[in-house]
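J.: Here's the feature list from TrEMBL:
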{"type": "ACT_SITE", "residues": "Glu53", "note": "active site, proton donor"}
{"type": "BINDING", "residues": "His51, Cys76, Cys85", "note": "Zn(2+) binding site"}
{"type": "BINDING", "residues": "Arg185, Leu205, Arg208, Glu296", "note": "substrate binding site"}
{"type": "DOMAIN", "residues": "2-124", "note": "domain 'CMP/dCMP-type deaminase'"}
Amino acid sequence: MDQDRHYMQLALELAEKARGRTSPNPMVGAVLVKDGEVVGKGFHVKAGSAHAEVVALTDAGERAKGATAYVTLEPCCHYGRTGPCTEALLKAGVKKVVVAMKDPNPLVAGQGLAILREAGLEVESGLLEEEAVRLNEVFLKYITTKRPFVVMKAATSLDGKIATATGESKWITGAAAREYGHRLRDTYDAILVGVTTILADDPSLTARLPEGRGRDPIRIILDSQARTPTGAKVLIQESAAHTIVATTEAAPVERRASLLAAGAEVLVIPGAGPGVDLVKLMEILGEKQITSVLIEGGGKVNGSALTAGIVDKVAWFLALKIIGGDAAPGPVRGEGVAALKDATKLYDVALERLGEDTLITGYTSEGGGKNFYRHS
């Protein structure tokens, strides 16, 4: 069993290499072992490319015959942009398949394992399942709800301020925390801010990493009145990612037209309130195969997101400094809750030191990403 765990851990580490690159597909790693030796390994690099099992089988060649395959997710059994992995495993002559977790995709949902068993292969499921579920929390939310997994990011001082009373916010956290924040941008499909942030800071909202430019997320601007300037960096900079302006029917038609002409995708979100309906927006983003959203808003956007119930996970950077001041803004605005029992609680909390700062991550519901795993 220790050897089995070792090989599955290796498969998980391989899958991790493609973080932020496989959407809307899951991250998957595979390792082929024969006579105690790794004879093939691979991972799914991006949507449309070969699946992890096929990469590992290609790596192994003839040595795959009689091998044991360790795969982080149940092999697929349907035709998509690539063929079924169950077929590839059977054709290669693999004798045993060990998977970390079943695939909740309705097109698979246990059928892949059933096909392998019916063909006479020895099949085991559930090895390092919890780690595999955590790895693919984004995919699990999306494939079971057709809604994106939403992470709310905030950076505050010890006394809960996101800027001074004069508006200065660069920088509350140190270099290590800011680098981590850019890696989050590199990981998730989209980044969401309010138009106030665009007007005040004119940010690029790109992923800038020490090793160079990362994968820029799709930029989403909450802008109920279509006030985003057509000369804003999010519209004029060179980037492989595009910008979405989420607005309402109340926005002047000529402003919407100007943003369209400037290259933005303008989404008019139906809703009864004065602001953008965030629940409806998430539905529309899901239809566009946007599987994850990183919120980097100010207090108003964060408060609206929590009130709407769209936040799945929180990434809170805490700087060990005190700003003070009644007029200094905080990270969450809005009406808040009247009773402590209604406060948003965090579950499965983890703390990590990043230089002089601390990153607190947690889920807004008990069970976190595991809530979306229907086949445990």
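Just so you know, glycine gets a Cβ as well, placed from its N, Cα and C.
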J.: Looking at the recorded positions listed here (His51, Glu53, Cys76, Cys85), whose Cα lies nearest to that of Arg185 (substrate binding site)?
T.: His51
J.: Quick check for you: of the recorded positions Glu53, Leu205, Arg208, Glu296, which have their Cα within 10 Å of the Cα of Cys85 (Zn(2+) binding site)?
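T.: Near Cys85 (Zn(2+) binding site), where near means Cα within 10 Å, the recorded positions are Glu53.
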J.: Once His51, Cys76, Cys85 are set aside, which residues in the chain still have Cβ within 8 Å of the Cβ centroid of the Zn(2+) site?
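T.: The surrounding set, listed in chain order, is Val28, Ala52, Glu53, Val54, Pro75, Cys77, Thr82, Gly83, Pro84, Thr86, Ala88, Gly112.
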J.: Here the binding-site residues are Cys76, Cys85; which one has the lowest number of other Cβ atoms no more than 10 Å from its Cβ?
T.: Cys76
J.: Work out the three-state DSSP category of Cys76 (Zn(2+) binding site).
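T.: DSSP call for Cys76 (Zn(2+) binding site): coil, neither helix nor strand.
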J.: Name the secondary structure element type, per DSSP in three states, that contains Arg185 (substrate binding site).
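T.: Going by the DSSP assignment, Arg185 (substrate binding site) falls within a helical segment, counted as helix.
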J.: Please report the DSSP secondary structure of Glu296 (substrate binding site), reduced to three states.
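T.: Once the DSSP labels are grouped into three classes, Glu296 (substrate binding site) ends up as coil.
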J.: Looking at the recorded positions His51, Glu53, Cys76, whose Cα is closest in space to that of Arg208 (substrate binding site)?
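T.: Comparing Cα positions, the candidate nearest Arg208 (substrate binding site) turns out to be His51.
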J.: If you skip the near sequence neighbours and keep only those at least six away, which residues in the chain come within under 8 angstroms of Glu53 (active site, proton donor), Cβ to Cβ?
T.: Val28, Ala30, Gly42, Ala69, Val71, Pro75, Cys85, Ala88, Leu89
J.: Fewest neighbouring Cβ atoms within 10 Å: which of the binding-site residues His51, Arg185, Arg208?
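T.: Selected from the binding-site residues His51, Arg185, Arg208 on minimum Cβ neighbours within 10 Å: Arg208.
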J.: Would you mind listing, in sequence order, the residues at least six apart from Leu205 (substrate binding site) in the same chain with a Cβ closer than 8 Å to its Cβ?
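T.: The answer is Arg185, Ile191, Val193, Asp216, Pro217, Arg219, Lys233, Val234, Glu296.
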